[in-house]
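Asker: There's a structure below that I have some questions on.
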Amino acid sequence: MFQLKQPKALMTQEYLVIALLLIIIVLGLFGNRVANVYGWTFIVLDIWSICKCFIAYFFGRLAFRPGFFSSQINGLVLYSKWVIGVLFLLLLVNLVYPIWPSTEIRMGIKTQYLIFPHATYLSATVFFCMLFLGLKNVRYHIPFLAMGGILIFFAARNKGLIFIGIYFFMLLFQHYAKKKSFKISYLILPVITLIASFWEIIDTRLLSSTTSARSLLYQAAFKIADMYAPFGAGFASFGSGSSVKNYSHLYDKFRFYEYYGFTRENPQYLNDSFIAMFIAQFGYIGTACFALILLIFLLMINRRSGRIQAFTLVLFLYAVTSLFTELYLTTSLGIITFFLIGIAFGDEKEKPRLRKDDLWKKPLH
């Protein structure tokens, strides 16, 4: 299973990712001195929380022999069918007899959590399973894909519904396009259209609201980036798990204790956005470095084709979107996401070439 490659197996872009990550760490340490944020335990924990998804990526990229990911597809598909099938049965039961009752109403429907503590986890679990089903013989998995779509609909998460649309678009592109390589430039117009369509919601929830928790985080993040320019406030200072445990002095400075969900006793909203955390802790230079890292990953995905490209692109876009509304890269889902991207990138030594038959038709034996 394991076959550690030599360091020369890394691509030039991956060395750039490492270099940019080191720059971000240095900026954070300088920011700690400028903002007088100390406590090495919390600083080290914060460095680890930011780096662990990239460590997972490089582990997946280097530690598995070429072809390992492809060899696991049948098992992943079978497992995904079971998960979606069981969850769909639980949904039907819960709609008739609410074993897991919910009082949250979104988009006119009662949100379903089922066995999960939050609807986001239900949506993410089903989404991952649907991605695995899209790796092989898609036409035979349409009933399970439909069940997955229904589950995400009842989870009532805007992000999940958007990515279901993106996912099915990628499947149709793989089936009908003459070229099996999806150019990242194709995303420019859809992204601009989505941002324009949802700008009022984005502005209200993230930027201008005086009652939205995330909006308060973003407003404070920009103020902190200006106050401690060009470094930011450093690790464990704002928006991260360590800053909550330590209850950073910046929360007192901005009188966050006056707001529900931002107090020492109830800090549930203090770490609700990775991007807000990054802006505050690493300033505009650090945020620009992180944006370059994301761009490099997009360029690496652009070099792939076929099912590997479709799989990694949708995974990556899901992760990037989640950065605005949660600390996605520090969670287990973020680690799994980048681990899977790393394994998929290391699956073949050469740029993959995929015929339509491999994805949509059952192979002949």
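Cβ coordinates are placed from backbone N, Cα and C, and glycine is handled just like the others.
Automatic, uncurated: that is what TrEMBL annotation is.
Annotation source TrEMBL lists transmembrane segment at 12-31, 37-64, 76-100, 112-133, 161-177, 184-202, 274-299, 327-346.
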Asker: Honestly, do the transmembrane segment (327-346) and the transmembrane segment (37-64) touch, with at least three Cβ pairs under 8 Å and pairs 6 or more apart in sequence?
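Answerer: Counting Cβ pairs under 8 Å, at least 3, so yes.
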Asker: What same-chain residues lie close to the transmembrane segment (76-100): Cβ under 8 Å, and 6 or more beyond its ends?
Answerer: 112-115, 122, 125-126, 128-130, 132-133, 135-137, 141, 144, 147-148, 150-151, 154
Asker: Looking at the stretches 37-64, 112-133, 274-299, which one shares the most CB pairs under 8 Å with the transmembrane segment (12-31)?
Answerer: 274-299
Asker: Report, as numbers and ranges, which residues of the same chain sit near the transmembrane segment (274-299): CB under 8 Å and 6 or more residues beyond its ends.
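Answerer: Non-local partners: 13, 16-17, 20-21, 23-24, 27-28, 31, 46, 184, 214, 217-218, 220-222, 224-225, 228-235, 237-240, 243, 250, 316, 320, 322-324, 326-330, 341.
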